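Encoded as structure tokens, here's the structure I'll be asking about.
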Amino acid sequence: KGLENHTVGSGFILLGFSGHSSLQGLCCTVLLLIYFVVLTGNSLIALSTVVDSSLHSPMYFFLRNLSLLEICYTSVTLPKMLVAFLTGDGRISFLGCAVQLYFLVLLGSLECLLLAAMAYDRYVAICHPLRYPFIMSRGLCIRLVLGSWMVVVPVQVGQTYQVFALPFCASHDLHHFFCDVPPLLELACADTFWNQMMLYTIILVFAVLPFSLIMISYIKIIRAVLKIPSALGRHKTFSTCSSHLSVVTLFYGSATVAYLKRRSRDSADTDKYLALFYTIVTPVFNPVIYSLRSRAVRITLKR
């Protein structure tokens, strides 16, 4: 009903880059470079964890899934942004916007759950090293990843349908780089209370709860590390967590501010640039952080 009756043909106009026409060449070059780094860097990390048998541990299994997820996550938004910049046409169809939104929130939720699984893996490795091979079995790792997909897919189908069942009878100008829930709700000419409640519930379940589990894991990790007598031992043990903690800080820091802070017309530019950071810039740092901080990954990449 919603998808057929509400402005299916008109679609939306993405105005994220409006007013930057003088920087068109520079912005296109930067975006192309970012996309190249994301594709190349994350592909190399994923490939290295497959070809090198020494990287067939649970930690690198999750890293491989994270790298592939980052490639998909960036590919949802960046190609369309490049086309809009090159052609000057920011139009996106109603269905195209729905598909983009669905995969954006789907992959974002999966990344939150995957980061929590990686934190649990580090907690078991450091706090229960003797039981680590038995607890973090290959079967458990696969179940954690597949379970995340099975939980997130239907929930995000529901949220996407709920958003696009709204009547968009006002302006169809999205002051954003891509289709996202908050700017779309601002264009609806109907009561969006239940949409807002669903959005905050999903944030609570797929972002706040995983982040809380990550923090609990690291509190226990820090306690265990502080009990190690030598400074070198403490540094070596905690260094295995530093890459993951850096990615968590970058992703959650920008995404939390973008989704949970109060939105206003004055903050529209800030909101869209924060969204640009956690959807495009953060995936660039994933291969850089892991290749710089993980000696095993560096050695494999050199080979």
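All positions are counted from 1 along the displayed chain.
Cβ atoms are placed via backbone N, Cα and C, with glycine included.
Caution: TrEMBL annotation is automatic and unverified by curators.
Feature annotation from TrEMBL assigns transmembrane segment to 23-47, 68-87, 99-120, 140-157, 197-219, 240-261, 273-292. The domain 'G-protein coupled receptors family 1 profile' annotation in TrEMBL covers 41-290.
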Count the CB pairs under 8 A between the transmembrane segment (197-219) and each of 23-47, 99-120, 273-292, then give me the winner.
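Stretch with the highest Cβ contact count: 99-120.
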Summarise the model's confidence over the domain 'G-protein coupled receptors family 1 profile' (41-290) as a mean pLDDT value.
86
